[in-house]
Amino acid sequence: MIVELGLAIAGTYAWNYLNAKDERKLKNKFENIMIKSGVKNREDETFKIFKLEKTSYGYVTYISNTEGLSLEHINSKLNIIEDNLNAIITVEKDRFKDYIKMYIVNRDISTFKYSPIKAKEYELYIGKDYKGQDYLLDVNKDAHILIGGATGTGKTFLLSGILTNLIYNSKEKIEIYLLQIAKSELSAFEDCSCVVNSSFTEQACEKALNSLLETIQDRSSTFRIYGIKNIKQWNKHHTSDYMKRIYVVIEEISFFIHREDLFGKICDISKVGRSVGVHIISCVQRSTATNIPPDLKSQMTRITFRQKSSIDSTNIINTPDAKYLKEMECIVDGNSDYIQIKTAWIDEDYILLNKYVQDIKIPTKEKKQEILKVKKIKDKIIIEEEPEIINVPEEDVTIAECCKSEQLDNHSGIISLEGFKNAKRKG
């Protein structure tokens with residue numbers, strides 16, 4: 001018994017000693033990084049860590065204020081600190097506190113499968129930060145979203161996860177417009193009850209955009225009449241006349257640029273949609289200066305996955321950081337955040353998403369067939385549904401007196417459904 005107790009005490013002492021040793025090593029290394037990178041005042045004093053807390057993702061450290069130095073001195077050396085500590089670093093300071101708080105994330109969070117989290121109709125679920133906490137964007141602050149990244153990096157999966165979480169939590173409080181040209185990823189969501197418009201041609205997209213601009217105008221007029229500033233204030237004071245959030249989802253915004261009239265309408269929505277609750281969520285594959293005009297870029301919170309080059313990264317988030325992202329990692333450059341996020345894993349067949357929202361379509365062997373008649377009249381393409389043909393026993397058919405035998409003979413034994421209904425009705 002005495003031997004076992006002694007071993008337990010020795011083990012605890014050894015564990016505490018090793019922990020303390022690691023903490024001392026980290027404190028000394030941070031101080032050396034500050035000194036060698038030139039962060040010191042005129043008396044050669046620099047920042048020091050005075051308190052350190054171990055966490056599941058790394059450490060939370062507390063840094064003493066140093067006269068003559070500010071938070072900006074640490075921010076200017078973040079890349080150096082991260083490279084030397086092999087970690088992701090974030091810092092913050094409460095203006096009324098006499099210390100700086102620094103988070104050191106030196107453990108990668110493991111891959112996690114998508115599952116919906118509780119969120120409001122104005123919150124978009126992006127993923128988890130490297131402290132393992134769920135990360136959401138509030139469209140009251142970050143009104144419009146642009147998702148970039150090289151091919152196959154996860155743009156469409158993130159977009160699908162955002163939509164699924166919105167529909168799962170708030171399908172009664174939102175409306176979704178799906179606008180897409182030349183691709184078909186968004187069609188998986190077109191049967192969801194809150195999807196009020198699915199447009200897959202330029203003509204249909206133009207009609208939808210015109211409708212959205214009319215909605216914006218109508219809501220703006222209503223707000224002026226009632227002295228309302230924004231949709232959040234309206235819904236607070238008019239609970240019996242709730243106004244839904246509208247999400248305009250554009251799979252590849254660059255396809256619209258060649259149509260100046262369509263792209264102009266998208267830009268108009270980005271400028272005036274926020275206060276009345278109309279929000280754009282879009283993807284862009286190649287983030288060239290041409291694909292993201294400055295007037296649109298300035299209105300949007302940008303999210304990027306890995307980019308092929310520093311130039312592509314800089315075009316979307318103004319830094320080369322996206323070139324170094326790993327699989328399922330993205331950077332969110334928002335109005336109040338610049339943060340690295342890990343997104344959830346989603347299978348390409350959306351079976352996981354369908355588990356939570358059954359209206360999301362998944363692959364099937366059954367093929368939906370439609371019989372269409374296409375003809376050209378005065379240079380216009382007209383699509384008509386073929387009349388339905390049914391087999392009816394002869395004894396069940398009563399011929400109306402008004403029908404002549406020679407007219408029926410012209411059908412060669414076939415009668416349309418409408419003709420059959422008329423015959424039964426008059427017979």
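A Cβ is built for glycine as well, from the same backbone N, Cα and C atoms used for every other residue.
Record features (TrEMBL):
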type    : residues                                       : note
BINDING : G149, A150, T151, G152, T153, G154, K155, T156 : ATP binding site
DOMAIN  : 132-315                                        : domain 'FtsK'
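Sequence-distant neighbours of T156 (ATP binding site): residues of the same chain at least 6 apart with a C-beta under 8 Å from its C-beta are E185, E251, C283. For G152 (ATP binding site), no same-chain residue that is 6 or more apart in sequence has a Cβ closer than 8 Å to its Cβ. T153 (ATP binding site) carries neither a helix nor a strand DSSP state and counts as coil. Counting only same-chain residues six or more apart in sequence, the Cβ atoms lying under 8 angstroms from the Cβ of T153 (ATP binding site) belong to F305, R306, L325, E327. Neighbour count (other Cβ atoms within 10 Å of the Cβ, all protein chains): 20 for A150 (ATP binding site).
Confidence over the domain 'FtsK' (132-315), given as mean pLDDT on the 0 to 100 scale, stands at 92. Here the binding-site residues are G149, G154, and the one whose Cβ sees the fewest other Cβ atoms within 10 Å is G154. Here the binding-site residues are T151, K155, and the one whose Cβ sees the fewest other Cβ atoms within 10 Å is T151.
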